[in-house]
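Peer 1: Submitted below is the structure of interest, expressed as structure tokens.
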């Protein structure tokens with residue numbers, strides 16, 4: 001609930017494409033807490049609370065961007081196509097029987113990749129001349 005409330009507040013003042021760069025980066029940092037602070041249960045707990053807050057911001061943000069950039073006629077098909085590689089990544093990582101720290105490192109790495117992709121979307125959407133209407137990506 002806190003995350004979705006923060007989404008409403010943030011979206012009043014700035015674009016989703018802008019604040020999601022920060023949200024994804026904070027999520028990546030918060031998933032590093034179990035690696036960096038192994039013995040400190042309170043810091044790890046706070047890190048997970050911060051991550052859950054970021055997840056609460058993520059879902060309405062992705063819904064907003066999905067509605068903005070993916071045509072309604074192809075939205076379900078497009079989202080299902082992207083679920084296949086995501087699930088394959090999850091299965092491959094889980095089948096490797098990796099250590100807990102390595103799994104958190106992978107999660108943080110994927111979130112950093114998401115930050116880079118979000119920055120790219122922001123750059124495409126908002127050039128130096130200000131906000132522009134972006135053509136349909138899909």
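Just so you know, glycine gets a Cβ as well, placed from its N, Cα and C.
Among the features that TrEMBL reports, transmembrane segment is placed at 18-36, 42-59, 80-97, 103-124.
How about a rundown of where these features are and what they're close to?
Peer 2: Within the chain carrying the transmembrane segment (42-59), a Cβ under 8 angstroms from the stretch's Cβ atoms is held by residues 1-4, 6-7, 10, 19-20, 23-24, 26-27, 30-34, all 6 or more beyond its ends.
Nonlocal intrachain contacts for the transmembrane segment (103-124), taken as residues 6+ away from its ends with a CB within less than 8 angstroms of a stretch CB, comprise 15, 17-18, 20-21, 24-25, 27-29, 31-32, 34-35, 65, 89, 93, 134.
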Peer 1: Which residues of the same chain, at least 6 past either end of the transmembrane segment (18-36), have a Cβ under 8 Å from a Cβ in it?
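Peer 2: Counting only partners 6 or more residues beyond its ends, the transmembrane segment (18-36) has Cβ contacts under 8 Å with 10-11, 43-44, 46-48, 50-51, 54-55, 57-58, 61, 65, 100-101, 104-105, 107-108, 111-112, 114-115, 118-119, 122, 126.
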